[in-house]
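**Student:** One structure, as structure tokens, below. Some questions next.
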Amino acid sequence: MGEPGFFVTGDRAGGRSWCLRRVGMSAGWLLLEDGCEVTVGRGFGVTYQLVSKICPLMISRNHCVLKQNPEGQWTIMDNKSLNGVWLNRARLEPLRVYSIHQGDYIQLGVPLENKENAEYEYEVTEEDWETIYPCLSPKNDQMIEKNKELRTKRKFSLDELAGPGAEGPSNLKSKINKVSCESGQPVKSQGKGEVASTPSDNLDPKLTALEPSKTTGAPIYPGFPKVTEVHHEQKASNSSASQRSLQMFKVTMSRILRLKIQMQEKHEAVMNVKKQTQKGNSKKVVQMEQELQDLQSQLCAEQAQQQARVEQLEKTFQEEEQHLQGLEIAQGEKDLKQQLAQALQEHWALMEELNRSKKDFEAIIQAKNKELEQTKEEKEKMQAQKEEVLSHMNDVLENELQCIICSEYFIEAVTLNCAHSFCSYCINEWMKRKIECPICRKDIKSKTYSLVLDNCINKMVNNLSSEVKERRIVLIRERKAKRLF
């Protein structure tokens, strides 16, 4: 049996058996039965079928073979797998038998780029049967029988097949619509001074001096001296100045409302672009982002104009205060105060509307930025997946669909009676010298053209680089020309 450290067959009746223990897991162990050949791969005719969830093509159809030599020692052989078999961190040569011992480390395949370890790592060990049995991986024939039983009992309903489904409009859209509806309500002048408590950050700090009193709820005005009398001409002059101020506020209010309508239209456009961004329309996203920036600039300009009008209003108030000094009429004072109070209420209503519009616009910009980031991440993920699929497809073409004679992808694939496939031109040239299969050396009795294999190769080549396509076209033309001569 060799040295004590060699990996030799255990006696299950004695309570101990040899197995490949899955590193870091209490399941998926592979039992090595005495006198049995153990094959591992992703195909159907193996002892243990391993199907990678991360990379389906990591494990070949018949990846490796484990069996005993005449002395009873277990060995492992790489059966020409794509990603190789590793014994103690060293890759094995294909079709060469290696002895394995207690504590040896076996790795099937290679780690992915973002992983440190491979998905299938095992350690050669001998354990008690009671310890091994709960952790064993089911054999392929057992899994087939189990799947047949489940398939006869399985019934799906529409409710089971229907997932949570696509949700309705996004929370972001409903939230923005809610804010827009709130800000779109008509502004009513209230005597209690219910105005925005937080002015815009871009406004002049002087405006805070006009903030309503928190205790009384009424606006606080600069000191107005008591007036006892006024001439009719002076009263008319002061009234016309107040009317002009009110007119200016009304014009500003109409501009703000127009700007809000533009923001609502832009919001609808953003939601429409959201659907287009899912299809990869990045140009439309960039254009919409530029339009949003232009709208923000327009809002800032309107805010600056409003600040200038407020300063002009303060100047008007000071001038009216100077005119009112020394005037002695109670009725004129009362009328003027009412007009000034109304003007200030409209001013604060305008400021509140401006703040709401600013918040709505900032919410739209934040939502758009978030959507752009998500779109970029999804595009990068899709590109990475596409490159991975092309890489795997190229590996499959190179390892499974190449002619062993010319080392090119099959051109007019022909399958012999021994089930090996070659190019039609290559096997015809070979048969001029020998009437036997180049791989298994069996006599060639029949040849069958495989149209399915040709169509599959042509479709897969269409997804490869232009160099591969051009080379294949040149080879097809050369072989057709040689066939004519």
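The backbone N, Cα and C atoms fix where each Cβ goes, and this holds for glycine too.
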**Student:** Tell me which of 68-72, 173-177, 243-247, 273-277 corresponds to the region 'Required for interaction with PIWIL1' entry in Swiss-Prot.
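**Tutor:** Matching range for region 'Required for interaction with PIWIL1': 68-72.
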**Student:** Candidates are Ser99, Ser157, Ser465; I want to know which one Swiss-Prot annotates as phosphoserine.
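**Tutor:** Among Ser99, Ser157, Ser465, the residue Swiss-Prot annotates as phosphoserine is Ser157.
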**Student:** Within the zinc finger (403-441), count helix residues (DSSP H, G, I), strand residues (E, B) and coil residues, in that order.
**Tutor:** 8 helix, 9 strand, 22 coil
